[in-house]
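Engineer: Below is one structure. I have some questions about it.
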Number of protein chains: 2
Amino acid sequence: MTIQIRKLDSRQPDFQETLDALLAFEASTDEAIEQAVTGIIAQVRARGDEAVLEYTNRFDRIPNGGAQSMAAFDIPQQELDAALAALPEKQRLALQTAAERIRLFHERQKQELQGFSYTEADGTVLGQRVTPLDRVGIYVPGGKAAYPSSVLMNAVPARVAGVQEIIMVVPTPDGVKNQMVLAAAAIAGVTRVISIGGAQAVAALAYGTETIQPVDKIVGPGNAYVASAKRRVFGTVGIDMIAGPSEILVICDGSTDPDWVAMDLFSQAEHDELAQAILLCPDADYIAKVEASIAKLLPAMPRQDVIRTSLTDRGALIQVRDMAEACAIANSIAAEHLEISAENPQQWAEQIRHAGAMFLGRFSSESLGDYCCGPNHVLPTSRTARFSSPLGVYDFQKRSSVIQVSEAGAQTLGKVAAELAYGEGLQAHARSAELRLKQGV
Amino acid sequence: MTIQIRKLDSRQPDFQETLDALLAFEASTDEAIEQAVTGIIAQVRARGDEAVLEYTNRFDRIPNGGAQSMAAFDIPQQELDAALAALPEKQRLALQTAAERIRLFHERQKQELQGFSYTEADGTVLGQRVTPLDRVGIYVPGGKAAYPSSVLMNAVPARVAGVQEIIMVVPTPDGVKNQMVLAAAAIAGVTRVISIGGAQAVAALAYGTETIQPVDKIVGPGNAYVASAKRRVFGTVGIDMIAGPSEILVICDGSTDPDWVAMDLFSQAEHDELAQAILLCPDADYIAKVEASIAKLLPAMPRQDVIRTSLTDRGALIQVRDMAEACAIANSIAAEHLEISAENPQQWAEQIRHAGAMFLGRFSSESLGDYCCGPNHVLPTSRTARFSSPLGVYDFQKRSSVIQVSEAGAQTLGKVAAELAYGEGLQAHARSAELRLKQGV
């Protein structure tokens, strides 16, 4: 079975239109899911543990007639530690190496955001305090798409931020636990693991139940039910972004082994049929070589069906006029992952304004970043890199302004505030400022 | 007309329950508004300027038969400058002083977030870049609730962040322009002002029209239509928080002039009937004094009806066991504005984990912070200070990870990544890493 991947040329008159259509992705809303989630959340708010227990037994097909109480869903620390100890040594070491590198990178983020304070001439002190969230929930999907790397990427930044309670929920369909996920929880410093999932787990984390304290923020990926539930509890708790399909954009100058670029495109495409993998290159001959590599390498890939669908439906090999145009197009795409596989990649990186993560040079394959470089693999998708950032320590911190006005400061600031408050028709604001004036007004 | 303000005591057995009920606020969703907004957004996406023009002429009752084209809604720079020049001198100076102080505080925020980069022993470079958004939209309400201070608080941080295009939309019901708002736009460095509003303005900013370039983020307060529209375009663009009613929590040790505290409570209560003003104090006699001050000062307030309703429905004077308990309660309330009106306020501030802004000491009235201290007055409401921050320069910036793996780095990282990728069943990820190994696998 061959593969036909779309080839575009930026010189074509309809290029922009074609590209826009290719990039367009709007998450559809399934009314049945929305209604189901509304019901589940209402039940969990009204009946707490009882509802969570019922839904979990039913949806996750908990064996032996289901669990009798919520306590059965708590996975104790010893079980996490045992899962870690039982991993093959190479896997355990790889997980520990990845966690340590992720921690190191995120410590830099923490160092950068320390808050500040300064004192003005009249003694007035102004500042900003940075404090961690008290308690967060991390959603980890169960079943096939259970990724230990995601446990690390979500939990380690929370831990570095100083969050005291990190509650991980992970469903165990048919009662089956993913040992590598439990091991990752042990390494990442998760403080409690509960084997529940779905909208019922999101509702329990957001509103609390008899056995689960409500959290301040919920992060982590999930299916359509989980995404819908997160949207609905937003405001009561914080949430991370609702992620769209994963994307890679490779800018290549035509000097990288075409097999490498083909495999990099595969590594995104294998995630799911909706994933998007695009190559931008000024060299038509090189594009043909990548196309040949794709055809050659695809049959050996275990996930070739997913890759083929993704590349056929949403992929593209695009010939551009030059590398500068490639950078301009990359800015309009604002990709989740951007590889600049080129000589002296820094010169092109300087022209990039929007990307979730940039991978510079031929050796920086996205897959290294997905697992163990250190930066987070939870990144803004669907052009949201125009205005949002990778998941980071800052997502588990918040700022408070600190204002301590001196008596002298109140004299000058009070007049300014009163003038503006009267201008806005807010007289109590004005009087509140004026009462602090020595020569009362 | 007297006022009855709720008095609570933390020693009462049902105190926590009563407090929770008092704090509870859930924004109701009006189905008619939701449907209207869905229709408006669909029309603007389909028909662009034509739809915006029609809606604006109709909803804002534009006189003389309405505007003929979108060009009529653009307010030129000269008109902004003229509005500023025409202000009474005291008002103009107050506005300029406030803007300059806001700029200075937000410059500190910018200095704090510079990004970072570090090189590992094998030559691998890891870092984080911080870049401004390209283009943002600032929504400013028209009519009665038009606040020039909000123009400054939203636009100045965007300007400091380095946003190149700051598009302000402000409806002009009956064609009436608020001169102080236009003057604030001139001072704040807004790059374009369009006199449109409502859901149609939000849709135009999010999706663009023939005459309006789509923005990357929309910030600023608005009515229920605007809030609904912002929720709906979220994802296509970034938005700030959807604000709930404003809140003040005053912790007082009983040594501040009770008139000052009463007026501080008023200054929040006068915003709207749903605003919440609460006092925590360990001294029953002092609470009685504040109550007397409230009764004494209220009749002189032009907005006394709003204040009375707000204090009666949602306000409270709460006697606590001691100042430490006041701080614990404050953490559970996570107020938008927290005044610590006490001797040596720093000792209590250290016990506060959650607050949008803290005002320390008797001279730090919230009203000073609302206008001219420098920190932002756009703050998290409805307990969201547990997980979110004041509006700031960081809301107009985003981060990108930068990963440049050296050839040597790819050898060690590649093995770790491949091990984990195989463990997750993502073979293309593994192969992509392995292809970079010298001793190819």
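Even glycines carry a Cβ here, placed using N, Cα and C.
These numbers come from a predicted model, not from an experiment.
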Engineer: Need one residue: from A:Asp134, A:Asp174, A:Asp305, A:Asp370, the one TrEMBL lists with A:Ser246, A:Gln268, A:His271, A:His337, A:Glu424, A:His429 for substrate.
Structural biologist: A:Asp370
Engineer: Restricting to the chain of A:Gln200 (NAD(+) binding site) and a gap of 6 or more, list residues whose Cβ falls under 8 Å of its Cβ, or answer none.
Structural biologist: A:Ile40, A:Gln43, A:Val44, A:Ala51, A:Val52, A:Tyr55, A:Thr56, A:Phe59
Engineer: Other than A:Tyr139, A:Gln200, A:Asn223, which residues of the same chain sit close to NAD(+)? List them in sequence order, counting a residue when its Cβ is within 8 Å of the Cβ centroid of the site.
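Structural biologist: Nearby residues not in the site list: A:Pro141, A:Val169, A:Pro171, A:Gly197, A:Gly198, A:Ala199, A:Ala201, A:Val202, A:Gly222, A:Tyr225, A:Val226, A:Ala229.
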Engineer: Would you list the recorded positions among A:Glu336, A:Asp370, A:Glu424, A:His429 that come within less than 8 Å, Cβ to Cβ, of chain B, in the order they occur in the sequence, writing 'none' if nothing qualifies?
Structural biologist: A:Asp370, A:Glu424, A:His429
Engineer: List the same-chain residues at least 6 positions away in sequence whose Cβ sits under 8 Å from the Cβ of A:His337 (substrate binding site), in sequence order, or say none.
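Structural biologist: Once residues fewer than 6 apart are set aside, A:His337 (substrate binding site) is near A:Ser246, A:Glu247, A:Ile248, A:Leu249, A:Gln268, A:Ala355, A:Gly356, A:Ala357, A:Phe359, A:Glu366, A:Gly369, A:Leu379.
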Engineer: What's the most sparsely packed of the binding-site residues A:Asn223, A:Ser246, A:Gln268, counting other C-beta atoms within 10 A?
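Structural biologist: Least crowded of the binding-site residues A:Asn223, A:Ser246, A:Gln268, by Cβ count within 10 Å, is A:Asn223.
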Engineer: Quick check on the binding-site residues A:His271, A:His429: which one has the highest count of other Cβ atoms within 10 Å of its Cβ?
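Structural biologist: That would be A:His429, with the most Cβ atoms nearby.
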Engineer: When DSSP is mapped onto helix/strand/coil, what comes out for A:Asn223 (NAD(+) binding site)?
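Structural biologist: Looking at the DSSP assignment, A:Asn223 (NAD(+) binding site) belongs to neither helix nor strand, so coil.
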Engineer: Say we define neighbours as other CB atoms within 10 Å of the CB. Which of the recorded positions A:Glu336, A:Glu424 has the fewest?
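Structural biologist: Comparing Cβ neighbour counts within 10 Å for the recorded positions A:Glu336, A:Glu424 gives A:Glu424.
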Engineer: Roughly how wide, in whole Å, is the group A:Ser246, A:Gln268, A:His271, A:His337, A:Asp370, A:Glu424, A:His429 that binds substrate, by largest Cα to Cα distance?
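Structural biologist: Maximum Cα-Cα distance: 56 Å.
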Engineer: Note down the number of other Cβ atoms within 10 Å of the Cβ of A:Tyr139 (NAD(+) binding site), including every protein chain shown.
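Structural biologist: Around A:Tyr139 (NAD(+) binding site), other Cβ atoms within 10 Å: 27.
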